[in-house]
Amino acid sequence: MGKKKQEEEQNSSEYGAPAQYDPTFNGPIHKRSCTDIICCVLFMLVITGYMVVGILAWLYGDPRHVLYPRNSTGMFCGIGQNQNKPSVLYFDILKCATATNIMAAALQGLQCPTTQVCVSSCPSGFWALSPLAYLPNAKPADYFQQELCVPSLQLKDTTYTVMEIINKELCPYYYTPTTSVLDRCLPSLGGSAYNPSNIPANFSLPGLSINQTLSTIANATSDLTNSFNMKDVGLRIFEDFAKTWQWIVAGLVIAMVVSVLFLLLLRFTAPVLIWILIFGVLAVGAFGIWYCYNDYMSLASSNLTFSNVGFTTNVQVYLQVRDTWLAFLIILCIVEAVLILALIFLRTRILIAIALIQETSKALGHMMSTLLYPVVTFVLLLVCVSYWGITALYLATSGAPIYKVVALNTTQGDCSNIQANQTCDPQTFNSSRYSSCPSARCVFINYNTEGLFQRNLFNLQIYNVVAFLWCVNFVIALGHCTLAGAFASYYWAFSKPADIPTFPLTQSFMRALRYHVGSLAFGALILTLVQIVRIILEYLDHKFKAAQNPCARFLMCCLKCCFWCLEKFIKFINRNAYIMIAIYGKNFCVSAKNAFFLLMRNIVRVVVLDKVTDLLLFFGKLLVVGGIGVLAFFFFSGRIQLPGNTFQTAALNYYWMPIITVVFGAYLIAHGFFSVYNMGVDTLFLCFLEDLERNDGSAEKPYFMSKNLMKILNKKNKQPKTG
């Protein structure tokens, strides 16, 4: 006992003196002043600047540049005068493939040096201009389709010959089967299209055979098509969401109900429910062991090995390999053994953790409104994310369109007089000014980047990201401080519930906004700076991954690991600092120091008790998310059939996307509800440590903790002497 007391005194001297008894202290201090005013002013200035950036982006930006394709004159397809023509057709897709950067195409809408027209639907077959069309008396209206030609050309009334129309690129002289990908008509030469029997005999590019023509088009446009096909996958996923959103919402509602029921059960039967939870996880592990063993034995006659299978994206193939189930079996056995050993050696600490959770449950029983606060945090985070996304989109589409004179076919006539930087106006452009170059056209190139606002778009995007991260971290900090103040009001109420303040959550929220915006912004700023460094490291690692030598890669890995650990540590310190701010109203640095010293003086209790509680709450999340995930899997994969035609799984492109969405949403919902519990446990634990240091159980300095906690710690309050 003497050695233990000596170690405690040494820790106290190293990490500050224990908290002293204060007869006037009975919970969160009401008489407080504003803290970290400089950081508060800085945060307000950043928010004001963020609003200005959003307004400028809204004034200069136009999301239609990304949402809708454009024809050669820069007019949007699918809206305005082209409302019934949602897709864009490229006369010579080969020019797009050779002259277009893929990333620029995705952002700028795939503008390339060939005529583009808006069409109602993409061509679905092969077609090439007949040789008869080149005869002197051939009429263009007999060979071209009006819909596929530029709108200014009227085939019935034109005086142009077929050759002149081709040279001026007023109509396409060939097209292939195309598919509308993001409303762009891109070649679809897969499957039976490669069969020469399905291709007209006259279909070929000049100087090439049919097979050479197909090969040239396929090879030249493969990268372009694949790039837009990836975006098309996103549209297919969006279609799945449109078909299943009602069922996704239903799954999320079930997750919310299960989470609330779990918390209500935890309030009344915390010990029983937690032990059931622990043994339930062990039972799930045991079932997994049995299942893996059963499948392992059922494949005893299989000769399939990993060397036979090789690498494949088909996961089902690996499940047919016997060694796969053996690996699963070994892993589950190890995990099960570790859990059983932890349960045996930490059983006493688990009892203390249960007591903390019971105390938190009692607090929630008196402050049920705290369970609704995650909704406030979610709404504020949704506002931050929406504002960031909309601002980023408008910034990316800022700038007036730039048109330049381009020779679409330099082999026809003398086009040397056309300068590369010669701009034009598509409304007033007259091709007769370039009589020596019949293919001269006024073509949209890109958007203006020469103005003051446009030159700083990259810097504004960086500002957008930094302000977004700061706002998100501030919202989270506000939630921590608000909940901490409410739970601290409960703990430091000596006679519960009589001494609990009225509307403790609202009072705590108002105190945080009135006095501690600067302190919360200070903590959020520190975390934001670390997150920015991590983002930069991830970018550099991705940018130079191929060029790095082993030493550089090792150094980069070490830096990423160190800053990841630093971010986790800062989050831990911030969380406890916000608790101290909510209780005592000090500035961020003082609160962080006091919280850190208090935790270090009780490091054993912190590591064991607090983390055991976190582990138990994580198991609760796992149970909720796992149950909802299994239900979603059986439903969206068609294993649970609904009567009638209410829902058909076959109508989905990727049935796993709704499953992932439900699981992810269920995790967010469970995390929101359990975060209240987690914050309550952390706050009560910190108050509990302060209670042990401030008080000794005497009549003058009684403990504020519950009788259950005092019983576990062999503590008790002495009754005041009477008479």
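Cβ coordinates come from backbone N, Cα and C, glycine included.
Feature annotation from Swiss-Prot assigns topological domain 'Cytoplasmic' to 1-36 (among others); the stated evidence is sequence analysis. Note on the topological domain 'Cytoplasmic' (1-36): its mean pLDDT in the predicted model is 65.
Feature annotation from Swiss-Prot assigns transmembrane segment to 37-57 (among others); the stated evidence is sequence analysis.
The topological domain 'Extracellular' feature in Swiss-Prot is assigned to 58-245 (among others); the stated evidence is sequence analysis.
Feature annotation from Swiss-Prot assigns N-linked glycosylation site to Asn71 (among others). Cβ contacts within 10 Å of Asn71 (N-linked glycosylation site), excluding its own Cβ and spanning all protein chains shown: 23. In the three-state DSSP scheme, Asn71 (N-linked glycosylation site) falls into the coil class.
The annotation N-linked glycosylation site is assigned in Swiss-Prot to Asn202 (among others).
Annotation source Swiss-Prot lists N-linked glycosylation site at Asn211 (among others).
The N-linked glycosylation site feature in Swiss-Prot is assigned to Asn219 (among others); the stated evidence is sequence analysis.
Tertiary neighbourhood of the transmembrane segment (246-266): same-chain residues 273-274, 357, 361, 364, 371, 620, 623-625, 627-628, 631-632, 635-636, 647, 658, 661-662, 665-666, 669-670, 673-674, 677, selected by CB-CB distance under 8 Å and a gap of 6+ residues from either end. According to Swiss-Prot, the feature transmembrane segment maps to 246-266 (among others), an assignment based on sequence analysis.
Beyond the ends of the transmembrane segment (270-290), by six or more residues, the same chain brings 262, 328-329, 332-333, 335-336, 339-340, 343, 350, 354, 357-358, 361, 616, 619-620, 622-623, 626 to within a C-beta distance below 8 angstroms of the stretch. Residues annotated as transmembrane segment in Swiss-Prot: 270-290 (among others).
According to Swiss-Prot, the feature topological domain 'Extracellular' maps to 291-325 (among others), an assignment based on sequence analysis.
Sequence annotations record features per position, and here Swiss-Prot assigns N-linked glycosylation site to Asn303 (among others).
The transmembrane segment feature in Swiss-Prot is assigned to 326-346 (among others).
The topological domain 'Cytoplasmic' annotation in Swiss-Prot covers 347-374 (among others) and is backed by sequence analysis.
Summarising the annotation, Swiss-Prot assigns transmembrane segment to 375-395 (among others) and lists sequence analysis as the type of evidence.
Annotated topological domain 'Extracellular' per Swiss-Prot: 396-464 (among others), in sequence order.
What Swiss-Prot records for Asn409 (among others) is N-linked glycosylation site, and it gives sequence analysis as the kind of evidence.
Between the C-alpha atoms of Asn71 (N-linked glycosylation site) and Asn430 (N-linked glycosylation site), the distance comes to 18 Å. The Cβ of Asn430 (N-linked glycosylation site) has 9 other Cβ atoms within 10 Å, all protein chains considered. According to DSSP, Asn430 (N-linked glycosylation site) sits in a coil region rather than a helix or strand. Sequence-distant residue pairs (6 or more apart) of the transmembrane segment (465-485) and the transmembrane segment (616-636) include fewer than 3 whose Cβ atoms are under 8 Å, leaving the two stretches without contact. Same-chain residues lying 6 or more positions outside the topological domain 'Cytoplasmic' (347-374) and placing a CB less than 8 Å from one of its CB atoms are 260, 263, 266-268, 270-271, 274, 278, 479, 482-483, 486-487, 490-491, 496-497, 500, 503-506, 608-609, 612-613, 616, 672-673, 675-677, 680-681, 684-685, 688, 705-706, 708-709, 712. Under 8 Å from some Cβ of the transmembrane segment (37-57) lie the Cβ atoms of residues 387, 390-391, 394-395, 398, 453, 460, 463-464, 467, 470-471, 474, 517-519, 521-522, 525, 588, all in the same chain and six or more residues away from its ends.
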